[in-house]
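Okay, structure first, notes after.
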Amino acid sequence: MKATTYAPFAKPLYVMVKPVGAVCNLACEYCYYLEKANLYKENPKHVMSDELLEKFIDEYINSQTMPQVLFTWHGGETLMRPLSFYKKAMELQKKYARGRTIDNCIQTNGTLLTDEWCEFFRENNWLVGVSIDGPQEFHDEYRKNKMGKPSFVKVMQGINLLKKHGVEWNAMAVVNDFNAEYPLDFYNFFKEIDCHYIQFAPIVERIVSHQDGRHLASLAEGKEGALADFSVSPEQWGNFLCTIFDEWVKEDVGKFFIQIFDSTLANWMGEQPGVCTMAKHCGHAGVMEFNGDVYSCDHFVFPEYKLGNIYSQTLVEMMHSERQHNFGTMKYQSLPTQCKECDFLFACNGECPKNRFSRTADGEPGLNYLCKGYYQYFQHVAPYMDFMKKELMNQQAPANIMKALKDGSLKIEY
């Protein structure tokens with residue numbers, strides 16, 4: 001009889017792969033990763049070798065304690081590697097699978113998608129994440145190529161190819177100072193293009209100059225860096241979430257899946273939220289650069305958060321090191337008193353540590369910059385979440401909330 005698990009109490013080990021490092025055909029103004037190329041100026045080509053690809057795939061699969069293994073390919077722009085690279089990766093995955101089930105997901109800006117790419121993704125059941133920031137006016141505000149030309153038209157051509165070939169895809173949408181002002185235009189766009197799985201990523205960056213040419217601040221650096229102009233404000237973020245939620249809860253529950261709403265309901269239920277930012281602890285998802293360097297997190301690719309290199313340490317040694325364990329547990333331990341006493345701690349968990357550079361009303365450091373927006377959102381959705389939680393506990397569908405709101409059996413009063 002075949003065992004269904006390799007270590008029943010273990011968690012999967014995740015390391016996201018950067019096969020081209022930070023190399024990209026776009027130059028999005030708010031990109032947090034583009035400047036990471038400055039960390040590797042001594043490398044003439046930021047391209048993962050076939051030798052490293054094989055070493056990583058063998059070790060990554062072998063380090064898993066579960067029967068399912070997920071590979072996540074990230075950039076830079078992942079499609080700047082030729083299709084042959086990913087075909088080779090799949091051959092190696094089969095070679096080293098050792099009976100495990102292998103899944104792949106890939107994040108792309110969508111501009112380089114072709115029929116050939118889409119056929120490959122469909123035939124091999126890859127999940128494709130596409131970066132798109134809403135309608136053309138919003139998307140093209142910051143997502144331009146290196147010549148300063150807008151990218152929306154090419155992205156939509158790519159999305160239409162994914163649809164044509166029946167590829168499973170979802171959207172990663174950055175919420176910034178501009179598109180946050182138009183939440184319903186933003187949300188309705190995704191419904192119009194029939195995108196049923198959407199992740200909102202609020203952009204918050206601070207500017208601190210480095211000698212190597214980088215200009216984005218890490219959490220470990222001074223807290224006084226000036227906020228980047230494109231950053232979404234706490235008030236914008238709260239209003240954005242509440243406005244879209246009000247539309248979604250009346251019309252779209254069970255039809256359109258918005259990650260933050262799903263994660264909020266999971267936390268309301270006492271389940272795992274499925275996204276690191278809203279979990280009590282993080283640190284379970286590392287990232288490996290094109291040369292084998294491993295970092296604590298995709299948003300912490302700074303020298304001070306480098307765990308080592310796969311040529312000198314194993315993935316297990318790095319991802320289960322005391323240093324990485326401390327990185328993950330500090331998400332909770334470093335919360336200020338205001339957070340630990342907050343009614344919505346269970347739902348928020350302080351969000352991502354990278355955004356915790358504000359001070360509380362008492363002057364304590366470590367408050368999330370977006371706290372005010374999140375608090376507004378959680379306070380707003382609480383009665384709806386209570387209803388959906390009750391439905392789930394009675395083995396009923398959360399989507400029943402739409403009927404309850406329409407027939408008046410659920411009345412929300414603030």
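First residue shown is number 1, and so on along the chain.
Glycine is treated like the rest: Cβ placed from N, Cα and C.
Of the residues proposed, Arg122, Arg143, the one Swiss-Prot records at the same S-adenosyl-L-methionine site as Tyr30, Gly76, Ser131 is Arg143. Spacing of Cys24 ([4Fe-4S] cluster 1 binding site) relative to Arg143 (S-adenosyl-L-methionine binding site) is 12 Å (Cα to Cα, whole number).
Taking only the Cα positions, the spacing between Cys282 ([4Fe-4S] cluster 2 binding site) and Asp298 (active site, proton acceptor) is 12 angstrom. Neighbour counts of Cβ atoms within 10 Å were taken for the binding-site residues Tyr30, Cys342, Cys352; the minimum is at Cys342. Closest by Cα distance to Cys28 ([4Fe-4S] cluster 1 binding site), from the recorded positions Cys276, Asp298, Cys348, Cys352, is Asp298.
Annotation for Cys276 ([4Fe-4S] cluster 2 binding site): same-chain Cβ neighbours under 8 Å, separated by at least 6 residues, are Cys282, His284, Ala285, Cys297, Cys352. Cα separation, Cys339 ([4Fe-4S] cluster 3 binding site) to Asp298 (active site, proton acceptor), rounded: 24 Å. With a cut-off of 8 Å between CB atoms and residues at least 6 apart in sequence, the same chain places Met16, Tyr33, His74, Ala285, Val287 near Asp298 (active site, proton acceptor), listed in sequence order.
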